[in-house]
Amino acid sequence: MKIAILAGDGIGPEIVAQAVRVLETLRSDGLKLELEQGLLGGCAVDAAGEPFPAATRTLVAQADAVILGAVGGPRYDGLPRQLRPEQGLLGIRKALNLFANLRPAVLYPELADASTLKPEVVSGLDILIVRELTGDIYFGEPRGIELRNGQRIGYNTMIYSEAEIRRIARVAFQAARKRSRRLCSVDKMNVLESTQLWRDVVTETAGEYPDVELSHMLVDNAAMQLVRNPRQFDVVVTGNMFGDILSDEASMLTGSIGMLPSASLDERNKGLYEPIHGSAPDIAGKDVANPLATVLSVAMMLRYTFDREEEASRIERAVKKVLADGYRTADIYEPGKMKIGTAAMGDAVLASL
């Protein structure tokens, strides 16, 4: 298993360091891992003059999976667009042909009070949103702003091909098989032809997965149901724009984005794994960042790229034990618990492994 480690910017090096410690512990227990560091984002601009240098491009192409910390920071905002750190992230997604974004939203019992919803509504929350990343209205052509009949008009094209829908549906069905075998497909087929095709193709694809229960929901209802009764969902699959919105909504049900990992996969389940939070330059170097989302990204990598369910579950159990034992970083701290720093949280996870 060859893994590229891209710490990135801001708190990235601190949180990724704890994830690497977890990987090294698994390696010492017999898991065959090869780890290699690379540069992406602002640190790559500083060292190589571009956010996604050739050496990193080669590294990630040869790796089986990539662990990323975070990229960006205000000191790069004045750079030309092509040199901004975020272009490195877009570049790696394109270079690796990543089309499926997996975003879990899990509420740990110990953090139930951190949610903005009542504990009885969100207790037991464990959702996986599978979002298509490369199509839809974000990338459809034609698009633009132009002058017509004396006034400006803006237009975009919402478009999906049958092949694009089928491949993301298969990712979602396979993910559902690893969980409770329930999949909800979200669309707006009552007014949008592109999502009528979405529903048709997902329904056809369900025939390949008779062991998975498929349901459909309109996106406006799904947004409402995520707040009204989020526990009804297990795996949700949807298009790029709807997934962009719903995954952010679901993440806030958990109370802390510092706890949430993500995966972006290609057709062979090679993946880029990263926390959903940003680089938080204001707390960089202060040993206060929460590394648990990055640690949980390692668990996702083991599950979805390497099919190592035992090791993935082992990491997740360790995180649950750390929380049950009362350890908290500043972002999830509450009175009566033990506030600890980034490295100490890494120590606690290793002790629980």
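Note that Cβ sites are derived from N, Cα and C of the backbone, with glycine treated the same way.
Since this is a predicted model, take the numbers as computed values, not measurements.
According to Swiss-Prot, the protein carries these features:
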{"type": "BINDING", "residues": "73-86, 278-290", "note": "NAD(+) binding site"}
{"type": "BINDING", "residues": "Arg93, Arg103, Arg131, Asp220", "note": "substrate binding site"}
{"type": "SITE", "residues": "Tyr138", "note": "site 'Important for catalysis'"}
{"type": "SITE", "residues": "Lys188", "note": "site 'Important for catalysis'"}
{"type": "BINDING", "residues": "Asp220, Asp244, Asp248", "note": "Mg(2+) binding site"}
Rounded to the nearest Å - Cα separation of Gly73 (NAD(+) binding site) and Lys188 (site 'Important for catalysis'): 36
Compare the Cα of Arg103 (substrate binding site) against each of the binding-site residues Asp244, Ala284, Val288 and report the nearest. Asp244
May I ask for the distance between Asp220 (substrate binding site) and Lys188 (site 'Important for catalysis'), taken between their Cα atoms and rounded to an integer number of Å? 8
Those recorded positions listed as Arg81, Arg93, Arg103, Arg131, Lys188, and which of them has the most Cβ atoms within 10 Å of its own Cβ: Arg131
Specify the count of other C-beta atoms within 10 Å of the C-beta of Asp220 (substrate binding site). 12
Non-local Cβ contacts of Ala284 (NAD(+) binding site) (under 8 Å, 6 or more apart, same chain)? Asp9, Gly10, Ile11, Glu14
Expressed to the nearest Å, what is the distance separating Arg93 (substrate binding site) and Lys188 (site 'Important for catalysis') at their Cα atoms? 27
Neighbour count, 10 Å Cβ-Cβ cut-off, for Asp248 (Mg(2+) binding site): what number do you get? 14
Please give me the CB contact count at 10 A for Ala280 (NAD(+) binding site), counting all chains in the structure. 22
Please identify, among the recorded positions Arg131, Tyr138, Lys188, the one with the smallest Cα-Cα distance to Arg81 (NAD(+) binding site). Tyr138
